[in-house]
Protein chains: 2
Amino acid sequence: MGVMSTVSSGQHTRPMCYLLLLMILQLGLHTAEGVWPLPQTLISSTERFHLSPQAFYFGYGRQSAAQQGCSVLDAAFKRYFALIFPDYTSGRWNLFSDKNESKILLQICLFSVDHNDCDGYPNESSSERCKHKRLESFSQLVYQDDFGSYFVNKTDIKDFPRFQFRGILLDTSRHYLPVQAILKTLDAMAYSKFNVFHWHIVDDPSFPYQSRTFPDLSSKGAFHPMTHIYTQSDVRRVISHARMRGIRVLPEFDSPGHTKSWGKGQPDLLTPCYKGGIPSGTFGPINPALPSTYHFMATLFKEVSVVFPDSYIHLGGDEVDFSCWKSNPYVRAFMQKMGFGSDFTKLEAFYMENIVNITSALNKTSIVWQDVFDYHERVSTPQQITHINYEVRSTYYAELSRMTKAGMRVVLAAPWYINHISYGQDWHNYYTVQPLNFSGTEEQKKLVIGGEVCMWGEYVDATNLTPRLWPRASAAAERLWSDEKQTSNVDMAFPRLQDFRCKLVRRGIQAEPLYVGHCKQEYQGI
Amino acid sequence: MGVMSTVSSGQHTRPMCYLLLLMILQLGLHTAEGVWPLPQTLISSTERFHLSPQAFYFGYGRQSAAQQGCSVLDAAFKRYFALIFPDYTSGRWNLFSDKNESKILLQICLFSVDHNDCDGYPNESSSERCKHKRLESFSQLVYQDDFGSYFVNKTDIKDFPRFQFRGILLDTSRHYLPVQAILKTLDAMAYSKFNVFHWHIVDDPSFPYQSRTFPDLSSKGAFHPMTHIYTQSDVRRVISHARMRGIRVLPEFDSPGHTKSWGKGQPDLLTPCYKGGIPSGTFGPINPALPSTYHFMATLFKEVSVVFPDSYIHLGGDEVDFSCWKSNPYVRAFMQKMGFGSDFTKLEAFYMENIVNITSALNKTSIVWQDVFDYHERVSTPQQITHINYEVRSTYYAELSRMTKAGMRVVLAAPWYINHISYGQDWHNYYTVQPLNFSGTEEQKKLVIGGEVCMWGEYVDATNLTPRLWPRASAAAERLWSDEKQTSNVDMAFPRLQDFRCKLVRRGIQAEPLYVGHCKQEYQGI
């Protein structure tokens, strides 16, 4: 067999970056298999190509704007070669099996590439029609026959994501997750085409982020100052690993609530609570009445905005308990001075606006949890704020309607709180979500920029993260990537997801089973 | 420090085998720690001994009936040395840290040992006052200070299990579990003092047991005839690994229902179902109307009784669907001939009695699921049958009452179907079970010989078995081992269980967290 080159038909050519691969899907025995998440169109034929790992290689098409030296693609070629031919790279390949094969070249064409596609960080405007997400689809189409030979059927795929924001939240405060666990999650995210890692890095229980400016935050606020922290180098490693996989890293420094651990390393940051007219010794949310608070936050976010290159920063703003603020006479006096009366939502809004102004000045887009929207309805709202809805499923349609009507961009998280486990095939619940099925105009629906799977950490650490996340999160991944009409049936999706789960296991991801059955290669990492 | 020898005070001496260890529990900082499951009595002092891994060794007391050459104990000494001093055995120990230590000998005394304690298999009459379960308690009492030195406080422990049968069921039919996953489970079982591995080895979906007599059962009935089977050597390895840890292996060959996979390799075993007067092509439970059935079962169980040395065999007998039997004219004719009329429970009872007679003739005690009891009330019941109750929690007290009233020995499984996961700290449910809290005489209560944690395999394979099982099963372990009055409070148990869970993680068991927090050594096996 000769060179397998890319073909560009008129029908497929687009002015913007576009990619065509010659791909394969075996019919018959392999119909249950395929690509997860489902491409927008996938036309397969019975014509199949024998792929020899000895002779196969990836290359850049002549017409491609990207060429060798494009670091993200060069690395992806290498990674995907090993994923496609695991027998070969592990040294178990029989050299005699395909000595007669001639070279096969799979060409990648990027017709338009901007600087970021090769050497920068993925961002909200990155075109996902291109790049290595196509390598993922291709890798899923390659299969082995009973003798171990690799094949791919001629397949024509047109693909792009339905939503631009497809995130996974990990919580590294309630339990510390070793860097290796995060990197493994990023690997698996790429396999399901997630593109945002929402890093809920600090919270009440611990502050593992080792700040350059305020080292006491982690040395006093982490579970352990040496073993349970993320150093600057750890963070760089996570961001770099994510970048190579087309994944943005969105850091969250949640305030003014959820900050108990911050208080250990930063005196006078938290509000002292009062009881019977005197300080009780306990502390509440961040103290919004002190100028020093805003100075500290500005300094911290200045550092964060440099360390994390993404254009978004998540500011939290959820679940603020007002009782401690109410108990504190200095906070109450501040309220009077500011004319807030006894409306603590105004104080919360005042605080959040200050923080949003800080991050705006750093040229970052702020994301906050939905709570903040409720307060901000009454005050001026910077347009760049994107809310994440975390209400229960029964009400989130109403919330989406209300928030998009107010012009807010929204990321939907409510139906994908995947830490809430239950017995049985609960992936159905994540799969059958209809993110745009709320009452609103077309303009409103465009404001839903995507969705996010949240793995809160109360009951999750490195021991159980992976099997709880995968393949349950992959169900949400298809909802966010694929055409809803083509993927509305759970029974149709089941065998393809089951097959995809076995692919994850084969790739070393400890993804749990969906139901009774087996994989050709069971998990061996025990 | 000199020789740490065992001390036998008059108060503790008993005519039967008895063991005393000089043990340690640090007070103060370490009060949350301790032994899981809780010993019957544990008296600790602040007097502490420095243990040097360079100088520490286990030995047999001079008065001990067991001496060097007792294979089970010799191996346990070696194993527990590594568990107690992981830094030392991994080569990370600083030789300078305790060069001045003199030898410390921890003597094990077995005042009475029968043949089985050293070289045989554990059985239902094995005295668990002795042997290496004490090593487990001792290993949990050793702790390290902040400089890595090992200590143990002087501790006096009297211990024995509340129930003699403390089992875990694994299901290797709905998903295949690699041998390594089973061995790892046996390790963790020993840490929680479980002593019965109930191996639900075959069922509808697959028949992984490779029979010597009927090799087609696995070559046609397993998920894969080579990669998804248990060879004779695999089974021996499991039994041997269990024996060294004081664990019995109770095999279950469930029939006449749950046998779909059997039919693939054994023609004419299953009942052909009829539709509209002709065979429909589908098959039901084992055919109880053919003499060949009983010949086959006798031959199979003859093999099983040799391969599995335990005195118990589990015969299943649960969830038999009568519809296929009803549809089959030959089965109906057999019913008439036997005078069963149209009462299919009589047919089921007839079948089970035949199987029980087969295993009785092989000198094995039969265990069956509770269903069988319902049928056997009407027919003769061999006294050796032990039932396992698998009803829902709301009714199991009534079932226990009814079954023990009929003189049946019972193993309680109903409240410990641990495959049923739910969000949050569901170990509370497993911990607060009161197995004897049913209405009945003292004689009836003695018939409850223990309990069993069931991990059915619909949603479980090697990817998620360990974090689903541990430490949730450990909650049941304490209920079955410890005094109920001393262990009735979940809040008191929580820090000790949390500490025990960290010990499991330290020992390489992927045990999931109970709640927010951390372990000194987090799980590294990612």
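Placement of Cβ uses the backbone N, Cα and C atoms for every residue, glycine included.
In this structure, B:Glu319 (active site, proton donor) belongs to neither helix nor strand by DSSP; it is coil. Every protein chain shown contributes to the tally, and the Cβ of B:Glu319 (active site, proton donor) ends up with 12 other Cβ atoms within 10 Å. If you look up TrEMBL, you'll see B:Glu319 marked as active site, proton donor.
Per TrEMBL, disulfide bond is recorded for B:Cys70-B:Cys118 (among others). Following the DSSP three-state reduction, the secondary structure of B:Cys118 (disulfide bond) is helix. Within the same chain, residues at least six positions away from B:Cys118 (disulfide bond) with a Cβ under 8 Å of its Cβ are B:Ala66, B:Gly69, B:Cys70, B:Ser71, B:Val72, B:Leu73.
According to TrEMBL, the disulfide bond annotation covers B:Cys273-B:Cys324 (among others). For B:Cys273 (disulfide bond), the number of other Cβ atoms no farther than 10 Å from its own Cβ, over all displayed protein chains, is 19.
In sequence order, B:Arg501, B:Cys502, B:Val505, B:Arg506 are the residues of the chain that are 6 or more apart from B:Cys519 (disulfide bond) and have a CB within less than 8 Å of its CB. Taken from TrEMBL, the feature disulfide bond covers B:Cys502-B:Cys519 (among others).
Annotated domain 'Glycoside hydrolase family 20 catalytic' per TrEMBL: B:163-483, in sequence order.
If you look up TrEMBL, you'll see B:1-34 marked as signal peptide.
Listed in sequence order, the residues of the same chain lying 6 or more apart from B:Cys324 (disulfide bond) and placing their CB within less than 8 Å of its CB are B:Thr271, B:Cys273, B:Thr282, B:Phe283, B:Gly284, B:Pro285. There are 21 other CB atoms within 10 A of the CB of B:Cys502 (disulfide bond), with all protein chains counted. B:Cys273 (disulfide bond) falls within a strand when secondary structure is assigned with DSSP.
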